[in-house]
Amino acid sequence: MGNPKQKPSDKKSIISIDYDEPQTDWRSIYVAAALSFVGSAQFSLYFSALWPYLQILDSTSTEQFFGYIVAIYSVGQIISSPTFGYWSNAIKQVRIPLYVGLFLMFLGNALYIALELATFPKKYLMFICRFITGAGSGNVTLLRTYASTASTFKDRPRAIAFVTCGQALGMTCGPALQLIFTPLGYPGFQLFHTLTINLYTAPAYLACAMNVFGAIALKFLFKENYAGIIEPSPSSSPAKPTTTTSAIASLPMYDITAVLICYCTRFTQMFINTNLETIGSAFSMMMFNFSETKAVTYTAAAQGCVGIFTFLTYFAYIGLKLETYISSRKACMLSLVMLIIFHLVTYSWPFIPGHVEMHNSSSVIAAELRVGCNTDKFSWCEELAPVNVYLYYAAYIIVIGFAFPIMNITVTTLFSKILGPRRQGTQQGIFQVSGGVARMVGPIAVSMLYTEFGPRMAWNMEIFVIGATLLAWCFFYRRMIPLQIPSIDPEICVMPTGGTKIVPNTPKPRTMSSTSASNE
């Protein structure tokens, strides 16, 4: 018997048009991770050398002006991040803005090298240098955007883990690279009878070299392949709308509430991180009666351990695909809970027996060593109970070593999924700005509270910020999910590469990933 006559609709359900299945371009993701390392290293590479070099260049410079120099880096990043993001959205590429960011970082470091030759007031030129370098480092927004939109839905956590790992590596290795140049000393040796290479300027030479190699890698190894964006085919025109363009026009608006919670979470993360860095050494010297040398040693050792835990966390996401075992929502909330536990464990509770060591102007030895709590400077010394030093550093290493990298990956991943398969430059720029604002506001707020009221009030502020963010997650937990995309024409499935595939005509809605969305 012959086959029954097929209806046109039956034929449509079995005929398909050839298309390229979208794939994550991992080589470009690796280049983005390397460029993230370059951008992050620009911030941490100078930390230990900036203040003594400023004193050599201009002995009249004060600690307050040095604070402005440190803060202006974040100001430059806050301005450039949304600008780069908006620009990349407008031109639908990240390559050109990335070149501009690398050039600005190169220019800022080149001016830093030339500081000794400048006739312009050197401290103000250093201020300008750090602003330009910070503005260039805003291209990290583009790298996070690329990782979010160039990866497929299932590859996104791993792709973002690579880029954020590059950032973490840059922040961690920056101070270590500075140690390499210590043997050069000061004034070092001359180059071309004009420029000098010493322990203060050598990091700038290295940063310039990294920017040059980054531009070369961007030119020859980086390709913009977006597997996570749904866009109309270049052949379609506004004059002749197609079913494909109609489907794309139906891409719904993202959940603004969920996006705002991601912004707040990023702010909270950077707020806590910066505050702990700001008062870390002063807190350990006061609370544990450490000398300056001992405080630096313990802090450096703790940071080294945090680095190990951080890379173990990134390995769990990159190599072991941890996201398949715990959803981004749950992992982020768990990280916030861990941060609250850290502050509760290390809180100077009034019922803890004993008091911190105290000194005043008459206690010559203690004053010279600057250890313990100075009763002439702080009125809250006598009421402060000591925190166990081993408990503090153990909690710091475990909580910070796991909570921060988990938040880096999960919040960024979920944020990109909430936005959906659209270009995300502007939103990712604002996401970066929320962290930059925390870096500016945090040190000022925590320093004021610590000076006036002691570590308890500083801890209270941080617990309040973390608690408010966690409460928002609890209230809007069900809304913190990937963008749900209903298909306007179920017969047409729009592929991220621009091709189309004809599928059976069923009323089933199309989502970013039905299984992944349910697991979120």
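Each Cβ is built from the backbone N, Cα and C atoms, and glycine gets one as well.
According to TrEMBL, the features are:
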TRANSMEM  29-53  transmembrane segment
TRANSMEM  65-84  transmembrane segment
TRANSMEM  96-115  transmembrane segment
TRANSMEM  127-147  transmembrane segment
TRANSMEM  159-181  transmembrane segment
TRANSMEM  202-222  transmembrane segment
TRANSMEM  270-288  transmembrane segment
TRANSMEM  300-320  transmembrane segment
TRANSMEM  332-352  transmembrane segment
TRANSMEM  390-409  transmembrane segment
TRANSMEM  430-451  transmembrane segment
TRANSMEM  457-477  transmembrane segment
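Contact between the transmembrane segment (65-84) and the transmembrane segment (430-451) is present: at least three CB pairs lie under 8 Å, with pairs separated by 6 or more positions in sequence. For the transmembrane segment (202-222), the most Cβ-contacting stretch among 29-53, 127-147, 270-288, 332-352, 457-477 is 29-53 (pairs under 8 Å).
Note: the stretches the transmembrane segment (127-147) and the transmembrane segment (300-320) are not in contact (fewer than 3 CB pairs below 8 A, sequence gap of 6 or more). Scored by C-beta pairs under 8 angstroms, the transmembrane segment (457-477) has its highest count with 270-288, from the stretches 29-53, 96-115, 270-288, 300-320. Taking pairs at least six residues apart, the transmembrane segment (300-320) and the transmembrane segment (430-451) share fewer than three Cβ pairs below 8 Å and do not count as touching. Contact between the transmembrane segment (159-181) and the transmembrane segment (390-409) is present: at least three CB pairs lie under 8 Å, with pairs separated by 6 or more positions in sequence. Only sequence-distant pairs (6 or more apart) were considered; of these, at least three Cβ pairs between the transmembrane segment (430-451) and the transmembrane segment (270-288) are under 8 A, so the stretches are in contact. Sequence-distant contacts of the transmembrane segment (29-53) (same chain, at least 6 residues past either end, Cβ-Cβ under 8 Å): 66, 69-70, 73, 98, 101-102, 105, 108-109, 133-134, 136-137, 139-140, 143-144, 146-147, 150-151, 159, 162-175, 177-178, 199-200, 203-204, 206-207, 210-211, 214, 217-218, 221-222. Here the transmembrane segment (390-409) has Cβ contacts under 8 Å with residues 157, 160-161, 164, 167-168, 265, 269, 273, 276, 284, 287-288, 298, 302, 305-310, 312-314, 317, 323, 331-332, 334-336, 338-339, 341-342, 345-346 of the same chain, all six or more residues outside its ends.
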